[in-house]
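One structure below.
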Amino acid sequence: RACSCSPVHPQQAFCNADVVIRAKAVSEKEVDSGNDIYGNPIKRIQYEIKQIKMFKGPDKDIEFIYTAPSSAVCGVSLDVGGKKEYLIAGKAEGDGKMHITLCDFIVPWDTLSTTQKKSLNHRYQMGCECKITRCPMIPCYISSPDECLWMDWVTEKSINGHQAKFFACIKRSDGSCAWYRGAAPPKQEFLDIEDP
């Protein structure tokens, strides 16, 4: 059996998560986390992490991240060794702990666009009352004014497209929501995207 998740825009990932941090994994080990309904032990991977910055979450730094032992059950594998930095969004478990799955937004920090990094500070939060609706194929429509249509899949066949990288869906004063372009990307990057 495989893990299946529906794709989300980074803003949705931010809004849905209890905890959003920038961190690196220092070590990993398999731990027991209680038993399942049949009495079999449940194994989880425990990553000890070094939190660099918290964008959303509890007052206490996150020290440990837990995940399922294999990707088939949505487990996430992080590089340990403390070199690679990640943006990690997931569920709080209290007392400096969080749980992550493959359906959560977990990406190497250096793959984020400047706009995405900046949006983590407040812009995504400003749009949490808006709804981002993914358009899997044309035509697609919004059903209420507080929705933004996420078109990356149709226009670029990628969920990591232009709107994911450079836009946030923000509520305007009249209550409607609209895509708002963040920090202008560097010219070269912009030109590359314009290429047919």
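Keep in mind that glycine also has a Cβ here, set from the backbone N, Cα and C atoms.
Cross-referencing CYS3, CYS5 with Swiss-Prot gives CYS5 as the cysteine bonded to CYS103, criterion being a recorded disulfide. Here the candidates are CYS3, CYS15, and Swiss-Prot names CYS15 as the disulfide partner of CYS128.
Annotated range for region 'Involved in metalloproteinase-binding' in Swiss-Prot, selecting from 3-6, 163-166, 179-182: 3-6. Here CYS148 is paired by Swiss-Prot through a disulfide bond, and of CYS135, CYS169 its partner is CYS169. The distance from the Cα of CYS140 (disulfide bond) to the Cα of ASN16 (site 'Involved in metalloproteinase-binding') comes to 23 Å.
Within 10 Å of CYS5 (disulfide bond), judged by CA to CA distance, lie the following recorded positions from the set CYS15, ASN16, CYS74, CYS128, CYS135, CYS148: CYS74. Cα of CYS135 (disulfide bond) to Cα of CYS148 (disulfide bond): a distance of 10 Å.
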